[in-house]
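The domain 'Response regulatory' annotation in TrEMBL covers 7-126. Summarising the annotation, TrEMBL assigns 4-aspartylphosphate to Asp59. Residues or ranges marked as domain 'PAS' in TrEMBL: 265-344, 400-463. Taken from TrEMBL, the feature domain 'PAC' applies to 345-399, 479-532, 809-861. Per TrEMBL, domain 'Phytochrome chromophore attachment site' is recorded for 552-688. Sequence annotations record features per position, and here TrEMBL assigns domain 'Histidine kinase' to 886-1101.
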Amino acid sequence: MREKHRTILIVDDCEEDREVYRRYLSQDSKYSYKIFEEEDGENGLELCKQIQPDAILLDYLLPDMDGLEFLCELKILTGKTNVPAIMLTGQGNESIAVAAIKNGAQDYLVKGRTTPDSLRLAIHNAIERGKLQRKLEASEERFRTSVENMLDCFGIYKSLRDESGKIVDFIVEYVNDAACKNNCMSAEEQIGKKLCELLPAHRETGLFEEYCQVVETGKPLYKEAVIYSDNYGKQYLTRAFDISASKLGDGLVATWRDISERKRSEERLRLLESVVVNAKDAVIVTEIAPLEEPGPRIMYVNEAFTKMTGYSLEEIVGKSPRFLQGPKTEPAILNQISAALAAKETIQVELINYRKDGSEFWVEISVTPVPDSLGNYTHFVSIQRDITERKRTEEALRQSREFIQQIADTMPGVLYVYDLIERRNVYGNRQMAEVLGYTPEQIQAMGSALITQLIHPEDVARIPVLQEGFKLASDDEIIECEYRVRHANGEWRWFYGRDVVFSRTVDGLPHEVLGIAQDITARKQAEANLQQRIEQERLVMEIAQQIRRSLNLDEILQATVNEVRCLLECDRALIFQLEPNGNGTIIKESVNSDFTALLSTSIYDPCLSETYIEPYRQGLVTAKTDIYTAEIDPCHVELLAQLQVRANLVVPILQGENLWGLLIAHQCAAPREWQSLEIDLLKQLATQVGIAIQQVELYQKLEIELSERVSAEAEILRLNRELECRVNELQTLFDLLPVGIAIAEDPKCSVIRVNPFLEKLLTLTPNTNASKTGPDADILPYKVLIDGKEIPGEELPMQVCAATGVEIPNSELQVVRDDGATFDLLGHTKPLFDEEGKVRGCVGAYIDISDRKRVQAERDKLLELEQKTRAEAEAANRAKDDFVAMVSHDLRAPLNSILGWAQLLRKGKMDDAAKEKALETIERNAKSQAKLLEDLLDVSRMIQGKLEIYPQPIELVPIIQNAIDTAYIPANEKGICLISALDASIGTISCDPNRLQQVLGNLLSNAIKFTPEGGEIDVWLERVEGYAQIVVRDTGQGINPEFLPHVFDRFRQSSSGSKKGGLGLGLAIAQHLVQLHGGTIEAHSEGIGQGATFMIKLPLV
């Protein structure tokens, strides 16, 4: 059900088009439409006054006006800059569209291309934009009015930072009227200036730093009753403020309220509340002597005195009254009292005393000497009255009078008191001198002649009526009036007065009136200027309408010069059309019959072309009062004199930045002072002429375009048929090409169409959307990878190409289908652009390079294998050479030792000890050679796969212990501590005891060899998850991390600089033997100098 209603006005002279619009709107399911129709613009505008439609469908070509004129009239009628109108034309025209939008239309549609949806959408958008525009304008107006009329001061400030980003000041961006009055400066004096230069005390008081904190932290600032002193304009003032500031962008917005008057009122109230209202006199009786220090002693005081001073009777009696005096007690008064006491005379004075609590108070003291019956003075009686309240009242009254006088002297208007009976002014503030030029004394000296001397004669006639109004007015009723007063300089100035009855006679008749008068001359002048401007615009609009009613340029230009001469009442008006070379011709003229006609006169003025053409093109307007006194080149003066010109007004006629010609007014009979209104009027008419010329040229251009359009349409039909053939050819190529083609029709690639070749490759059914960013991306039967990693749809080449508009060549993709098949594709992606140069999609071409990639991979693999084989062969050759060198050395050294000792034994010149040592050396070297040969044989068997073990069930602990015992002697000789921890609970294993003994002996021998004196070797046996684990750890030389992976290689030795020797076979044999037992051996080291750990794992039986 459609509950929302809209009122639509259709202005179109074509019944068929109106019927289409009605039908389109009736299909709207959301809104019901009340439709009004008119065939011409004038009736359409009249109907707008009556119905106020929500939207207007406006045809560009109406019988009586075009759509642009309608929009201009509508803006004048409604007073709105944007109206909910939609311009419709029979064919698309960008210049019309732009002009329509500039003149306030919300949208522009072409009739043949308009659909129901586009029409309804355009109407909806126009209405909504109109609502938003009205809300925005209302909101801005409310804000501006609120800020300008708020009583609190309001300002916006922008941070000024140095190169390091530190705030060094604030720039004033806006202050309201209250802030200007508070700062005693106009807005122009403040906006754009630095805050701390205008009001430097911001830095001294720390307020600037607090503002900086607001901007940097965003925390609002609230301060109450801030006492602030600074130079306001030309005066230094101290005031109290409530301040609030909040961050706004890179600056702040601040509001503050001057509470100085409130604080002064509070202070006065505090003083009044402290006055004792019902003070009673205090009575004091003292002795007559001594008069010198400490003075007469007090004998008696009454209760009023104790209440007055706070002292008890006991605290006072026996003391001198002088103890009540203090720092502010005036010495001169005390001297007067002393003199009177000495002369035994009565004295009455006022002075300051101090209470028990230290507070001071004023007293009026009357001291009288009292004689006894013999006439001898025996006592002084002092009557003291607390006059603190009176003193404070006197001070408050003095301040109040000063305050009232300050208000009167500083208020912006003239404050006065006028005696209605004596008909003279009895009081005037200082503003009289500033506003009227007369001092208050001069005004009072005028006496009863004041009104006739200063008030405008036309306004004097209204004075009796005004005075009668005071008789009927109540005491609080304000009488308002406006009148003119003569300034001391003779100028008449307008004033707005507000008067109230100030005093009355005993009969109740008004005696005096209190009034304030504000100078409203500027406002009156503004009102007059506004009225003059309205009248000018009305005249211009009438002339503009006359111009626009015709498309005949001759009629338009002739009507213009006629109206100009009539409106300006000048002697001649003409239109001068310029040529590109600076020459020109007077093509239209309206001239007084007393002067020569210049129509069709061609003029070449070198002064004009050299001096004025460019300034005129930039909008220059020249107004010459008298050609003989104006600063004009002599050659130009001579030309103007020949044309009978005495004064002229020249306005350029522009078309964009082109100078078409000049609209000129001549005064021939005498000089003439051209008024600003006349200049503005001629400028506006020149603008309208320029528009009319452009409009006529546009109409002529349209006629040419229409004739060209007929032949263009025939050519388009031919091209369309040719294009259809090319499209069919491309579609055939698209279907048959053995290359994958993918086309995306939108910038987001939400829909991608592929050709049959790519459909088959991706196992897609025909017409399937192949987009990985489309709605069906999750169910597509393939994935796309780059370098083996699946790529999100947004990062695929087509999506990136369409998003950036950048061509992407040679992109390699891997496609993995759901059936497991993998393909490598090489693609080239290129963006597609629309007629505006915006990306509308992209196209991608892909070839299957799977076979090429496989061949490439196989070739790379063979190359890698060949390089690895060559490296291993080279390493084997180096190892063989190193091995031969080491074997030669290790065989030669023991043999040389054996031969040397054998030769010494043969000579027989050795004692028994030496012989024993020789035999031991020969035996040790023989055993070393035997072990070396055994290792070589084991390596040979390893290489040939003939190294065998003979396993049997056996306990591990005895085997390990034997190896430790064998290693103990050489370890002990080097001072190495050999520690073992063997878990005897570990069961038997299947092993060859001799071979296992060989492995452990090799590890321990290496540990002893590479551990320095004083080092430590640990051996332990433990069970680890079904394995017997044997660990040999030393604190020796350690293993270089780079060599650690090769520690079990045959014939490899670390290049760490060790001089221990060896063939590098032991660990290789040990690893092979452990692996024959079904176990593993690992080596660990933290690096050089960090020791080494070898770990053997053998399976338990």
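Glycine is treated like the rest: Cβ placed from N, Cα and C.
In terms of DSSP helix, strand and coil, the domain 'PAC' (479-532) has 12 helix, 31 strand, 11 coil.
Predicted-model confidence for the domain 'PAS' (400-463) is 77, expressed as mean pLDDT.
A sphere of 10 angstroms centred on the C-beta of the residue listed as '4-aspartylphosphate' encloses 25 other C-beta atoms. Look at the domain 'PAS' (265-344): DSSP puts its residues at 36 helix, 10 strand, 34 coil.
Residues in the domain 'PAC' (345-399) partition by DSSP class (helix H, G, I; strand E, B; coil) as 12 helix, 30 strand, 13 coil. The DSSP breakdown of the domain 'Phytochrome chromophore attachment site' (552-688) into helical (H, G, I), extended (E, B) and coil residues amounts to 50 helix, 39 strand, 48 coil. Broken down with DSSP, the domain 'PAC' (809-861) shows 12 helix, 31 strand, 10 coil.
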